[in-house]
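Now, the feature entries from TrEMBL:
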- 41-290: domain 'G-protein coupled receptors family 1 profile' (DOMAIN)
- 25-48: transmembrane segment (TRANSMEM)
- 60-79: transmembrane segment (TRANSMEM)
- 99-120: transmembrane segment (TRANSMEM)
- 140-158: transmembrane segment (TRANSMEM)
- 193-216: transmembrane segment (TRANSMEM)
- 237-260: transmembrane segment (TRANSMEM)
- 272-292: transmembrane segment (TRANSMEM)
Amino acid sequence: MVQGNWSSVTVFFFLGFSQYPRIEVTIFVLCLLMYLITLLGNTILISITILDSHLHTPMYFFLSNLSFLDIWYTSSALTPMLANFVSGENTISFSGCAFQMYFSLAMGSTECVLLSMMAYDRYVAICNPLRYPIIMNRRVCVQIAGSSWVTGCLTALVETGPVIHLSLCGNNIINHFTCEILALLKMACGDTAMVQLIMLVISILLLPLPMLLICVSYASILSNILRISSVDGRSKAFSTCAAHLTVVVLFYETALSMYLKPLSVNSQEIDKFMALIYVGLTPMLNPIIYSLRNKEVKMAVKKLLIKNPFTAILTSVLK
């Protein structure tokens, strides 16, 4: 049993998915595959965005930011989990846990803001194409991306600071596969009302409000798509928007269901599986849905890998 300040604890133990021994190996394999695909897909997207001048546009600038973000977001949660499973230790130091909690919150919060800004970029591009180069100039794009990162990092700091100063009651076993802030709050004793209020305010600002902006942007985009005379053009545009919205809704809905419910609701087992969606599944799907299905990206990959001996294989995959 442990009681006292968080910093008095030298090590935490992860419970992870050990309560499900029959599927624990399956979860490990799936997480490993998601992580590898996330690394490969996002690294390819960042590389071609930098190397191909035709992709030096606002849309791909934001997408490369999203890819960079997703690599770190997934790595912060899944890499320690995979390493702990292989080693069998399932432990983390206090400082390591605090850093992991902050870093995951920072990356997740940044993604919430960045996704809404990307939706606004698409809205301007489709609904106001003549003024798009003026509105979304290079300086504005850098400012939007920078403000997304700053907002995510600052809000994470505001949330993490009060939590690590709470008193710890009971044991030092975290019922999660990562230092998730909600799982850590379950271990705290004393009055956590102020921390919960801070988290509620930040969650409202970063989840339902950006999602509302995304929905409004795509509603305007869809209304413009309906004016397209070509049936094939409308069908392709609807398909693209539907794919984008599916990933966005998947990310926001899982986060909403976790962070906007009362702390008294005991759903830690469900939360662990839901966390796998927004730290593993959506970062894996983002480069596939947003970019690797685009003809521009496919052509850029083929051009940059033209001298590679594996070009034939990659070309057949990208068709």
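If you go along the chain as it appears here, the first residue is 1 and each next one adds 1.
Just so you know, glycine gets a Cβ as well, placed from its N, Cα and C.
Not measured: the values here are computed from a predicted model.
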* Overall pLDDT of the domain 'G-protein coupled receptors family 1 profile' (41-290), taken as the mean -> 87
* Structure fact -> Outside the transmembrane segment (60-79), at least 6 residues beyond either end, the same-chain residues with a Cβ under 8 Å of its Cβ set are 31, 34-35, 38-39, 41-43, 45-46, 49-50, 100, 103-104, 107-108, 110-111, 114-115, 117-118, 121, 141, 144-145, 148, 177-178, 275, 279-280, 282-284, 286-287, 290-291
